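> A single structure is presented below for examination.
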Amino acid sequence: MHYIIKKSKNEGTLENKDRSGRPKKLTGREEKVIIRELKKNPTKSAPQLASMVASIFHKKVYPELCQRILRNNGFHGRVPRKKSYINAMGEHTGLTNCEARELCKKPDPATNGYIMQQTMYRIKDPRKSLPFYTEVLGMQLLQKLDFPEMKFSLYFLGYEDPKDIPTDKRESIEWTFSRKATLELTHNWGTETDPDPKYHNGNTEPRGFGHIGITVPDVEKACERFEKLNVEFVKKPNDGNMKGIAFIKDPDGYWIEILNPVNIANLILSMVEDKKYEIDSRIECDGHQGTLKYVGPVGKTKGLWLGIDWDDPTRGKHNGTYEGVKYFKARHPTSGSFIRPGKAKFGISCPEAIKIRYGLINDELAGIDRDTLTSLQKEINAPFLEVVGFSKVNKKQSKFDQLKIVWLREQCVSTTGNPGELKELCPNLEELDLSKNLINSWQIIADICCQLDCLVRLNLSENYLPTEENMEILKDSFFMLKYLTIARMNYNWFDIQRCMSMFPSLQELSVSFNIVNIIHKPIKDENLMKICKLTLEGNLISNWDDILKLGSLPRLEYLNLNSNKIDKIRFLTVEPTAKTTAFFNLRQLHISQNNISEWQSVSELEKLNNLEDLKFRENPILKNENLETARQLIIARISKLKSLNGTEILQDERRGAEYDYLKLFLSKWTETENDADKRNRFIIEHPRYPTLVAKCGISDIPSPKVKVEMVSNVITVEFVCPDHPNQPRGIKRKLLKDMEVQKVIGLAQRLFRTGGKIPRLSFIQQNLSKDEILLDKPLQELRYYSIQDGDQVIVRW
């Protein structure tokens, strides 16, 4: 059907008549709706706009009329008719694919045989440029041409086989100028010694030439080699948003892009196609988390594949190379694999996760998993077990604006949500747990936290959040934050320092179970100087000198070094008995599960000025002592200690520990009385001993000769349980002869786990008759029965 479109003169309407004479008019209001809709979505066509207006105003509208309206308002098709390429929203944009194709004309047949032959730029000194392009980038010198009259030389380089270069001068020149994509370096003689000439590289104002591009098989390996050769980088592969490509500088400052064809295709597809498949986004599949590293086809298979670098190395199958083709680089030899897009979960927004986790549930169990409840009933043999009060808790939690604590661990959070949505939902949030989610950048964390004005505590553990330079630009988002946990993030100390630049008010920092093995330099970070509590548990620190670099933190009161690899403790002081200036305010130190194998390290802790609370378990030095003796030795060596391994140290316990400590080492102390060197060595190992001698005196302590009798008071016996073959066959223990039988009975209960049953004890004397002698008087000491070293204690119940 043909239409006649004309502008109506009255009431600002457009009249649309078909040949049958049926008029169709659009009012000015309807025209504005069309323009407004186009501004919202500049890609809509005239038929789509006509259909939309028809559905709103319930009248028939023809596409030709919509086209006329667009033309009258400065639009032609889907883009404005303006040379500056401004879209309907007034933003600068580029050509559409259609426009680009229309602007490209069919090549003239006269251009047959044209090739892109060379890129030329000027260099200052060939003595620097030629080694760079040949050694660093692997090019070959194809041709050198000198022009003495004009005082310059040309150097042509490219990726050609030097065997193919003709030996004849003329032929070699013709051959050189018939190669594709060569590099022409122009050297004006004398510039190499002139301090002033510096060529414009095109990447500073006024900009022009940008860079050349070099493809390599493996970008990361190439860049590792460039670093060893001290090449200057503009951008490393993992910097910025465009991952997997690098930019380096040649000796004259010209930029060179280092890329890989597979990586660049992967990057471009992820940027211009479905943003759902953005490279380095985090995914979840069947309970396993990983990082998206590749999107595209794999081998001869059909359809799209996602290349995943799994957090758990055992979840994958290869390192990103499949059937000889490298699709991506995985962190471990077996952490990479491919999955179909349908299996990957790309996560939800933070507000959405809160609504799911804390939203009102109309169910009698208020969201408690019925299978879990049934399993619990069976486990504790309580089939009529009921849970009460959960619906009340759920109802209270569903008031999002009153929530102060939100835990979203393993909720597949990956994005911030709409601007301001989280602030409106939970304006009073003070504590947020986002551990083990799918967030892949600190920018997303900043976008979440900047909406939470009351947030003081944040847990980001087990997220994969790469650090970058200049992260301090995000600090305004974390201004109120005081407590931060970033455990199991695969961070080293350099990463932690980068993170600290974002937190100006932080007081407590936990970076446990990361890969910190070295603290690179003395602490000068302004934000780190404010830390009061620092947890470094589960890292790889082995050298106490690295810990000493934290000693300058003026506010540090709590330090957790559990589960590291520290083998000794030393403070640098002039005198063995002097105090150290390091860790002046430190009151709590946890250093269990390390490799400390000497008591001098424990004695060194006496040099701390204010140490009151110590956790010291499962170190090799403790294996040679029972728990009670080890506790006494630690208490005696550290004067200000008030709590050890979570148990308060009472005054009587300290007095007894110090007395036993004096008695234990009195003989060695007296041996050094007339030997200054021996006395100094003794004090280094026992720096508190002279103080204890002055405090307690040694006149009432038995002489060293009595020490022999004290040692003989200790016997070693073997506990056996003949009536219970499943029990251990023989357990040897050291006992004191003045130990009461009832205490030995208690020891036997613990050794053989008799439960509530009280065992009966007897013993067999070594090398004598095999008759059993009953230990039937609980309040008698072992010496009453003449039990000797090597005897066997029989346990029955």
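Just so it is clear, glycine is given a Cβ too, placed from its N, Cα and C backbone atoms.
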> Quick one: which of HIS200, HIS211 does TrEMBL put in the Zn(2+) site with GLN118, GLU184, GLU257?
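Candidate listed by TrEMBL for the same site: HIS211.
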> Can you check which of 1-26, 157-182 TrEMBL lists as region 'Disordered'?
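Result: 1-26 is the stretch TrEMBL calls region 'Disordered'.
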> Tally the residues of the domain 'VOC' (115-261) by DSSP class, grouping H, G and I as helix, E and B as strand, and everything else as coil.
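Across the domain 'VOC' (115-261), DSSP assigns the residues as follows: 33 helix, 45 strand, 69 coil.
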> Rounded to the nearest angstrom, how far is the Cα of GLU257 (active site, proton donor/acceptor) from the Cα of GLN118 (Zn(2+) binding site)?
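Each residue's Cα considered, GLN118 (Zn(2+) binding site) and GLU257 (active site, proton donor/acceptor) end up 17 Å apart.
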> I'm checking region-level scores; what's the whole-number mean pLDDT for the domain 'CAP-Gly' (296-340)?
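The average pLDDT of the model in the domain 'CAP-Gly' (296-340) works out to 92.
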> What same-chain residues, at least 6 away in sequence, bring their CB to under 8 Å of the CB of GLU257 (active site, proton donor/acceptor)?
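Listed in sequence order: HIS211, ILE212, GLY213, ILE214, ILE245, ALA246, PHE247.
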> Might you list, by sequence position, any residue in that chain lying six or more from GLU184 (Zn(2+) binding site) with a Cβ less than 8 Å away from its Cβ?
GLN118, THR119, MET120, TYR121, LEU154, TYR155, PHE156
> Please work out the number of neighbouring Cβ atoms within 10 Å of the Cβ of HIS211 (Zn(2+) binding site), leaving out its own Cβ.
17
